[in-house]
Every structure is written in C-alpha cells, then in structure tokens.
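A short write-up of the structure that comes next.
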Amino acid sequence: MALFLQTTFLTSSSSLRQKPCLSSWASHISTSRTRTRVHAKIREIFMPALSSTMTEGKIVSWVRSEGDKLSKGESVVVVESDKADMDVETFYDGYLAAIMVEEGGVAAVGSAIALLAESLEEIEEAKSKAASSSSATSPAPAAAAAPVSESTTGSGAVEKAVVVAPPSPSVVASAVHPASEGGKRVVASPYAKKLAKDLKVDLGRVIGSGPNGRIVAKDVEAAAAVAAELGSPAAKVSAAPAVQAPPGIELGSVVPFTTMQGAVCRNMVESLSVPTFRVGYTITTDALDALYKKVKSKGVTMTALLAKATALALVKHPVINSSCRDGNSFTYNSNINIAVAVAIDGGLITPVLQDADKVDIYSLSRKWKELVDKARAKQLQPQEYNTGTFTLSNLGMFGVDRFDAILPPGTGAIMAVGASQPTVVGTKDGRIGMKNQMQVNVTADHRVIYGADLAAFLQTLAKIIEDPKDLTF
C-alpha cells in the first residue's frame, strides 16, 4: 500500500525578487533563469494512514536512528495502526535528521513525526526546526504528539516527505529489523513492552520469537520465568495474598485502551445502530469429525473446514453474504471472503480467507496458518483483515457450547460456533443413539436478511457438514 502526498517545492529566500516593472520584464527573465535555483530541502516524514479507519498512529519503534543515511524504499519506523504493526518506508533519499515523536508517542495522521535532510549540511538546521516546532506547540501528554505545521527558512524549504507502507506481504517479509541492533533499540509488541516493564525484564537480553526477531509477550514471560529460577531480583516476591492477579496486571489500576482496543470499541458501538436478530441451529458433526481425522495429518485445520463449508453454503444463499452500509440499499458481494475472529495480545482481529469457495481446502489451511502467524505478530496488511463479507467466531476449542456474536459493521451476518459434543439423540427408527453435535448461532442484519433466509442457509450448511464429501475437492 503506497501513500502519496502532494508537496510544494519552494526556492530559498535569497532567490526571491520583487516583481519588476513591465519595461524590464524581459531582462528579468533572462537573469532570473541563471540566479534562481532550488537549494537542498528538509522534508517532513509524516504519519501515514495505514487503513481507511485510522485517525492516529502510535510509534512502536524507530528502525533507524538520527543521523542515519536513508535510501528510497527503506524501512524507517514501525507504526501501530488500529489493527496491526506496519513497517513504514521513506520515499526519498536523505538523512534522518530529527525524530519528533519518540517511541510510544501518538501522532495524528498527516502530522510530522520526523525530519529528513537532503544533505549532511542540512541536519543541524533540521534539528533546530524540530526544536522550534516542538516549542511552538502547546504542551501535551507524553503519549501524544501534536501535528506540526510546515515552516520555511532562508536556506531551505520544509516539505512533506512521503512515507509508504509496503505494498504486499512479500515486502514486509523482506524488511529486516531484528529485535536488537547493537543495543540501540528493541522491536517488541506494545503488550510485550508493558509486560516487560511490569515483570522487570530487560528486553535487551530477550531473544524474540516473532517475525524478524520481534519480541512478543510469550518471550517476556519465558524470560521472567528463567529469572525467577535463577533467583534474580525480579523473582523476589514478598508475602503474597491468597489470590494473585495474573502477571502484568496491577489490580486497581486504570488502563487506557490500546489503539486496537479503541478500534474494537468504536466498531462495537457502531454495531448497536444495526437492527439484528439471531437464529440457532444444531448440526451433527460425526462425518466432519471423521474427515478431519483423515486429513489433519496433511495440514488441514478445522477452521479451514468450517470456513469452506460456510463459503459453499453462501454460494447458494447470496443474500446472507450481502451487506448494507447506507441504510437505503444493499450489495450482493461478488466475492465470498470469510473473516475468522482471532484473539491476540490486547485485542481481537479478523483475518480474511478470500474467495474461500474457490480455494481448495489444503491451500486454504496453509493460508489460514500464515494469516494467524501474521495476526499474532501484528503484521497483517489492511486487505488481509478488512475485506470480510461473512464472519466466523469459533469458541468451540475452549469447550464453549453456545454463544452469541456481535455483528461487525459493514457485513450482513456473523456465525458463532460452539463445541462439538457427544449428545444422546433419538433416531428416525425410534431408537436412542449417540451423536456428536454442535450449536451454531447466526446474528444477522434484519434490514437485509430475514428469518426464512437464515433458516434456509443453516439447512444448507448442515447438509454440507453432515455429508462433507465436497469439502476436499
């Protein structure tokens, strides 16, 4: 995803002239052509909009330091948007002259977070501009960064430096920013940093297990456990109460929402404006369970099987895959993209299995594993989490037998999947038998979808799951 912003190229003040009189206009043109030139520039690196819903971003870590030489397309900073941590690249060559928003700081989309100098000679001037811009703004909390306006001086012009997010997952994979570079910086998830502070763990000594060496919460917890075994000061605990809070949680404290939690909060509140209703259905899963045991060794996941079955049912009931956004019309979506809710550190995200009806179950399973790994490392691209047309929420693996799910804004329905459990049932011949059954509850937008629509969809889904031969083709 590339973000472009128009910039204005300004000449230095020494080249500006008053408008000449009409009689000397021709001579002025000839002389100005030789005298007017554009000097080296100081550009603002600004906070990019990494998703359509993003209004501000948090600086997770600076990949480069002040004074470093940068090349076009090189990763400069890791930014936490409302759903993911994303590498941000510079669109110009130059030197990282001044960092205006430190790690952990928050800046509005479009506001300056650093200055990029075109040459070494411009670095000191850029630093003075950053200092003057910082002093000109009103005081704000440490975690917030106020937008910085453009300014110009005699020797150079300040302009917006475009920063771009990598256009595809392959670019993300190529951006290398290890967890520790010579002890200068640490790349870790926000929750891992908070946990390390609470557990008194030195992140500089922790080896990250996330993508590109990023430190995640489990790495911090493992380091804390090792420290406790070695009898480090972090392990010395005074007389504890009978019931202790989980590590990293301080009882009685007030914790502000993370960027992701804020986004989830806004979406949930928005969903209250949609008139929804719920329909439940019991599905026998003996055949699906047998198929799963057969193909599990080939890397197939139960999530992929459920997503595939749901997608095939949606092909026959397109209204369930539709969406209403303006309250005046609805759209029959041309693609069946199954979003699946995943719990991650500090929030919830819905990676999307795109065109799930057309992709074979083996490719779908591999894709799902890839998406989950990226989601937990907060490396999903926007198109990988905001393009869902139907959502699945599965708590069955936790033993939950039934629950209701809240409809995500912009979609027509979400299905809550419970655990498959042995159930005593009456057979058609009047006997008593035992079958594995699961409960599914669908929450739907009643402006578009009606009870009969959902009933027909659930009947089709039950037939596919109870005779799943089509799932492996």
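Cβ coordinates come from backbone N, Cα and C, glycine included.
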Annotated region 'Disordered' segment (source TrEMBL; candidates 129-148, 249-268, 389-408): 129-148
Integer mean pLDDT for the domain 'Lipoyl-binding' (42-117): 81
Secondary structure tally of the domain 'Lipoyl-binding' (42-117) (DSSP, helix then strand then coil): 0 helix, 41 strand, 35 coil
